[in-house]
Amino acid sequence: MAEIEVGIIMGSQSDWPTMREAAAILDELGVPYEARIVSAHRTPDRLWDYGRTAADRGLKVIIAGAGGAAHLPGMMASKTRVPVIGVPVQTRALSGVDSLYSIVQMPKGYPVATMAIGAAGAANAGLMAAAILATSDPALAQRLDAWRAALSASIPETPSDD
Ligand code: RP5
């Protein structure tokens, strides 16, 4: 079985409908991943263990989604050198602007590659993870090129009234 190189983590079960979009893209591209609930606030020890062991377990990219006071991506970036892609989950109270600001404004030294709010951001996180792995995986690079070409080809040149 192929080694798992992508970890998808999220603060809560309630984040999964969003983070599933990242998983769906990785499924389409044939990239194995693991998905775990790891909360910065509710399961801090789990966060610490995940970050402490991530590199040794062979993870090459971590996609971290959280909403509200979204400390998970930044805390994970502080604990591991494995690149962290942050997904701000859309919230009901503040529409995800709270999540975005919590994730994007990292201090110098501990970057989080922050995506757009919500489902599009999660899907793009999957694509970004695949693009990172594709730099050293020619077969994946071909699949990603084909995926991008298919998307491009699906866009009509003229608008329709239907
Ligand atoms: C964060 O709090 C999670 O990432 C989630 O987006 C948000 C709400 O969590 P639940 O109350 O739905 O479990 O930790």
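Backbone N, Cα and C atoms are what each Cβ position is placed from, and that goes for glycine too.
Features as listed in TrEMBL:
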type    : residues      : note
BINDING : S12, D15, R42 : substrate binding site
DOMAIN  : 4-155         : domain 'PurE'
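In the three-state DSSP scheme, R42 (substrate binding site) is classed as coil. Site extent for substrate: among the recorded binding residues S12, D15, R42, the largest C-alpha separation is 14 Å. S12 (substrate binding site) falls within neither a helix nor a strand when secondary structure is assigned with DSSP, and so counts as coil. The binding-site residues in question are S12, D15, and the one with the fewest Cβ neighbours inside 10 Å is S12. Shown in sequence order, M10, G11, Q13, S14, I37, S39, A66, G67 are the same-chain residues outside S12, D15, R42 whose Cβ sits within 8 Å of the Cβ centre of the substrate site. Within 10 Å of the C-beta atom of R42 (substrate binding site) sit 11 other C-beta atoms, taking all shown protein chains into account.
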